[in-house]
Amino acid sequence: MSSTMEAQEDRPSQLRIYLIVLAVSTIYLSTGMVGGWSSPVLPKLDLTVHEQGLVTSIAFFGAAPGPFVTTFCLDTIGRKGTLFIISSFFLASWIILLISQNVYVIYIARLLAGLGIGGSISGIPVYISEVALAEIRGRLGAVSTMMMSLGALIMYLVGPSVSYTTISIFGMALALLAFVIFFVPESPFHHINKGRKKEAEMALQKLRGYSTQEKLEEELEEIIKTNTQKEENAIGWLEGLKRKAALKGIGLGIFLSSMTYLSGLVVQSAYAQIIYTSFKLSFSASYIGVVITIASISFSFLPALLVNKCIGMKSGIVISAFGCGLSCVFLGVYFYFIRAGYDLYDYSYISIVLSVANTVSHSFGLGGLVYTLEAELLPMSVKGIGMGIVVCSGSLIGFGVLQMFPIIASAYGYSADFFGLGIIMLVFATLGIFILPDTTGKTLQEIEELLS
């Protein structure tokens, strides 16, 4: 009787999971720093417009194969080993940037950083989902966004006031910090998948901190059962991709990923200092990136508060897309008047308001809900390869957007860039009303049947 009561009271340690996820998420600091690197660094480099675009965008080109490399590594060397490789990509990129300011060397460094980005956004969620407790998994999902935003904020705060070399040293230090993952346990799911039951039991105990063997064995059996079911239901990825639900899910995933990169926030984050330095404003251009990132962090909780309580996931994404589109259009109007010769010095705050509006709109749906909806729309049989295709496609779209932004601005002004992005987003938002399914309250099986 007493042993039964003891087993019932033997609850896993949430604190352990929070600390482990926080340790793993230090990799996201590098992801955020790489994303925000170009804004304070480009003004320090003597580059042509085309070189500025390539230096900024090539990281997203490098991110494109990241998910496929990560998927291979996850299944071969394990989740923890994959995290080491991702961290090594970031560390190597900062070391190369420290060695030389030659533009071709910078290209190589940014490509490596891109591999780290592609690996982090596809590999880290796998580890977290496998080690997290079900009751806090949703809350842990917000950690990634917060850590990436924090990494970008550090870059925006430090970058403008220090040298190119110091920025690289700072980035290298944060990349080294991520090697605290040495102390986190391997995923018990990976051990079971490789037939290592004893190692899985040890890893699970480190994760949960159970005081009784009974509870430990109970959860271990659940993991074994889940892995067995997965193997029994497994089909070839090529066969899975031929199914209507898979094709629809991947298509909608690419549509959602496109909206994320076309929303205006990505280009503002990358080129904020260059955009606003080119105009006579009543504030320092280096503040823009800081304001945008603080707004992103401050409003990142919106989806968790509103979605499923006030509105559905589809509605949240559509409203977010309309907000991003409208804010980009109004930014286009603002920059048009400046290019036309109007003195808007006393109204510089308008650009800040519109930039924050774009950020808040993005945070409302595109920033937090897109990845969740993409995962829901992909059938289990092709989730790995499907997510790889979606992330790869999104990265290539991000590469194109960031590459063309300064080129279009040089020829037609920033008004053309923001007008274009705004109109595209408004069209995408309208399409979203008709083509995105409402998954609120539906199981994964029901969603797959809906897409079929």
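Glycine is treated like the rest: Cβ placed from N, Cα and C.
What TrEMBL lists as domain 'Major facilitator superfamily (MFS) profile' is 16-440.
The feature transmembrane segment is assigned by TrEMBL to 15-34 (among others).
Long-range contacts of the transmembrane segment (54-74) within its own chain (CB-CB distance under 8 A, at least 6 residues past either end) are made by residues 34-35, 38, 42, 45, 47, 81-82, 85-86, 103, 106-107, 110-119, 121-123, 126, 190, 270-271, 384-385, 387-388, 391-392, 395-396, 398-403, 406. Look at TrEMBL and you will find 54-74 (among others) tagged as transmembrane segment.
Summarising the annotation, TrEMBL assigns transmembrane segment to 81-99 (among others).
Among the features that TrEMBL reports, transmembrane segment is placed at 105-128 (among others). Within the chain carrying the transmembrane segment (105-128), a Cβ under 8 angstroms from the stretch's Cβ atoms is held by residues 21, 24-25, 27-28, 30-31, 34-35, 37, 45, 54-55, 58-67, 69-71, 73-74, 79-80, 82-83, 85-87, 89-90, 92-94, 96-97, 99, 137, 140-141, 144, 187, 371, 387-388, 391-392, 395, all 6 or more beyond its ends.
Annotation source TrEMBL lists transmembrane segment at 140-158 (among others). Sequence-distant contacts of the transmembrane segment (140-158) (same chain, at least 6 residues past either end, Cβ-Cβ under 8 Å): 17-18, 21-22, 25-26, 28-37, 39-40, 124-125, 128, 132, 166-167, 170, 174, 269, 272, 286, 289-290, 293-294, 296-297, 300-301, 304, 367-368, 372.
The annotation transmembrane segment is assigned in TrEMBL to 164-184 (among others).
Annotation source TrEMBL lists transmembrane segment at 250-271 (among others).
For 283-305 (among others), the entry in TrEMBL reads transmembrane segment.
Nonlocal intrachain contacts for the transmembrane segment (317-337), taken as residues 6+ away from its ends with a CB within less than 8 angstroms of a stretch CB, comprise 256, 259, 263-265, 311, 344, 350-351, 354-355, 357-358, 360-367, 369-370, 373, 413-426, 428-429, 432-433, 436. What TrEMBL lists as transmembrane segment is 317-337 (among others).
Residues or ranges marked as transmembrane segment in TrEMBL: 349-373 (among others).
Residues of the same chain lying 6 or more positions beyond the ends of the transmembrane segment (385-412) and with a Cβ under 8 Å from any Cβ of it are 49-50, 52-54, 56-58, 60-61, 63-68, 71, 114, 117-118, 121-122, 237, 240-241, 246, 249-250, 253-254, 256-258, 260-262, 266-267, 270-271, 274-275, 374-375, 378-379, 420-421. Residues or ranges marked as transmembrane segment in TrEMBL: 385-412 (among others).
Marked as transmembrane segment by TrEMBL: 418-436 (among others).
Taking every listed stretch (15-34, 164-184, 250-271, 418-436) in turn, the largest tally of C-beta pairs under 8 A with the transmembrane segment (81-99) is reached by 164-184.
Averaged across the domain 'Major facilitator superfamily (MFS) profile' (16-440), the predicted model reaches a pLDDT of 87.
A contact links the transmembrane segment (250-271) to the transmembrane segment (418-436), because at least 3 Cβ pairs that are 6 or more residues apart lie under 8 A. Sequence-distant contacts of the transmembrane segment (418-436), counting only residues of its own chain at least 6 positions beyond either end whose CB sits under 8 Å from a CB of the stretch, comprise 252, 255-256, 258-259, 262-264, 267, 314, 317-318, 321-322, 324-332, 335-336, 373, 401, 408. Only residues 6 or more beyond the boundaries of the transmembrane segment (15-34), in the same chain, are considered here, and those with a CB under 8 A from a CB of the stretch are 59, 83, 86-87, 90, 93, 110, 113-114, 116-117, 120-121, 124, 127-128, 131-133, 136, 140, 143-144, 147-155, 171, 174-175, 177-178, 180-181, 183-185, 206-209.
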